[in-house]
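Since the structure comes first, as structure tokens, the remarks are kept for the end.
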Amino acid sequence: MEMTQTKKEQYEALLLEEETVRSPLSEFWRKFKKQKLAFVSFIIILFIFVLAFIGPYITPYDITEPDYENVLSGPSAKHWAGTDAYGRDIFSRIIAGTQISLFVGLTSVFLGAVGGTVLGLAAGYYGGWVDRIIMRICDVLLAFPGILLAIGIIAILGPGLGNVIIAVAIFSIPVFARIVRSSTLEVKSTLYVEATRSIGARPSRIIWKHIFPGTLSSIIVYFTMRIGSAILTAASLSFIGLGAQPPSPEWGAMLSGGRDYLSMAPHVTLFPGLAIFITVLVFNLLGDGLRDALDPKIKE
Amino acid sequence: MLKFFIKRILEVIPTLLIVTVFIFLFVHMIPGDAARLVAGEDATLEDIKLVEKELGLDRPLHEQYISYMGGLLKGDLGTSLKTRRPVSEEIGARFMPTFWLTVWSMVWAVMIGLIIGVVSATKRNKWPDYVGMFAAVSGLSLPSFWLGLVLIQIFAVQLGWFPSGGMESWKSYILPSITLGTGVAAVVARFTRSSLMDVLKNDYIRTGRAKGVNEQNIVWHHALRNALVPVVTMTGLQFGFLLGGSVVIETVFSWPGLGKLLIDSVAFRDYPVIQAEMLIFALEFIIINLVVDLLYGILNPQIRYD
């Protein structure tokens, strides 16, 4: 019963597809809208972006001013997420911290994506020793597991948020380089690239005008998927004291500050953690949705 | 088969060598004067010279590398600037706690991940699938250190079932390994689902269904066996993720392992220990990758003849 039902649906979908020819963008939009979770996530992300821009101006309380009469008080109508060890309003600090996490996540992944894309395009297009050297460097970078490379880089550069961005960017480079390289190899072997090459186009033109756009969809998907993990990594580094330093309202640093009061005031760690979780979750859901809508290799 | 094994093992050697150069150069990449940083702000010139000598920075670069490699081969990783003890001793005592923590995390993460993945793939687009996949993406998005703190708050502080930190009995392993394994369980679940769904599309599965093999038999005997091949590779690679994650988790649970030592060393600028730790972690990861690669060769004969 069920089989025939889905078969029929598939057939109808096929008919529909043949009847209407859509531009790639509207085709993408049509598929993307079907991903309800991703669509909702996209709207939440827009909201987070707005918060990042206006956050510091709309906080109900001053985020740096201590209030020693209200130390570690639990969530209430006055302080929605309670107050921390200095009596500062946690809800206000989370709002003010949005821009830090978002900025760190976006810039580090962007820098990593740019570096990785250039290397991946070069490795994939030129092949030979260029490919070997670039891929060997990537192997070495990938030999350091997880956030360890980032910790190593911070051990060299010293703690601080700026160095966290550099560290996370460097550890994103090899991942992007590999993905871009493999899709470059794929695009390179297509007929239209062959044709461009045979009419004598310069390599730089072939790469940027013809190959790069072909790799763009996987870059976009990966970019989105990577933002979540970059935010997580940055928050982890701040938590262990290598990233943002107090009194910064960075979420990881706030959590780290609340550790000492875990038994008497769990709300100090609860809410910043929730903020990280939700932000990372919506980026991951959006990434999943984009992958399903953009990547033709993954069929429904 | 033997040829494939030897080839893969030989391929690792250049990576290993470059990794050692990289780690050796580590101290030299520090902007400014490493010795001055180690000696502290109010150090005298003699102090700095002494530290320079201790770190071996007073000799030409190639000589330093040769003596570094010579030391490595003898198992000599230098002396900790903080405790003045040999780094190999410092690290030796910390290795097993981290090793067992990652192993236990892996064991339960794979079990839970496989179950969720198989259920999601077989109940595709029904509620168990939605619940399973939402749990998986949530698991990927959880900040592990926060999950650790929440678990401590519930199971150690309020219920008192497990200790909140340290490493005393088997009970001490429960909370840290759950915290560390959650991300991996999520990855395994997602990967198993997509791999199994791919396999279930094959012709031989349809043949099996057509001749009336029951669905359970199809999934567990015919499909899962092939679906697991890429899952094994993927799971092996997650070991790296666990090693990195252990650094953060050990701080949360005061676990006496390599990760906590690393964080303490970074704070103290104990460069010999940092270098040795980076080397151990990289070595462990490279070896695991190699084993996974060889295992993949055994499971999937096609790979061997490439």
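The backbone N, Cα and C atoms fix where each Cβ goes, glycine too.
Keep in mind it's a predicted model, so treat the numbers as computed, not measured.
Residues annotated as transmembrane segment in TrEMBL: B:12-30, B:99-119, B:131-161, B:173-192, B:278-299. Feature annotation from TrEMBL assigns domain 'ABC transmembrane type-1' to B:95-292.
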Segment proximity, the transmembrane segment (B:12-30) to the transmembrane segment (B:278-299), 3 or more C-beta pairs under 8 Å: yes
Tertiary contacts of the transmembrane segment (B:99-119), as residues 6+ beyond its ends and Cβ separation under 8 Å: 128-129, 132, 135-136, 173, 176-178, 180-182, 184-193, 195-196, 219, 224, 231, 235, 238-239, 242-243, 246, 249-250, 255, 257
Same-chain residues at least 6 beyond the ends of the transmembrane segment (B:173-192) whose Cβ lies under 8 Å from its Cβ atoms: 100-102, 104-106, 108-110, 112-114, 116-118, 120-121, 132-133, 135-140, 142, 144, 147-148, 151-152, 155-156, 162, 164, 167, 227-228, 230-231, 234-235, 238, 241-242, 245-246, 249-250, 252-253, 255
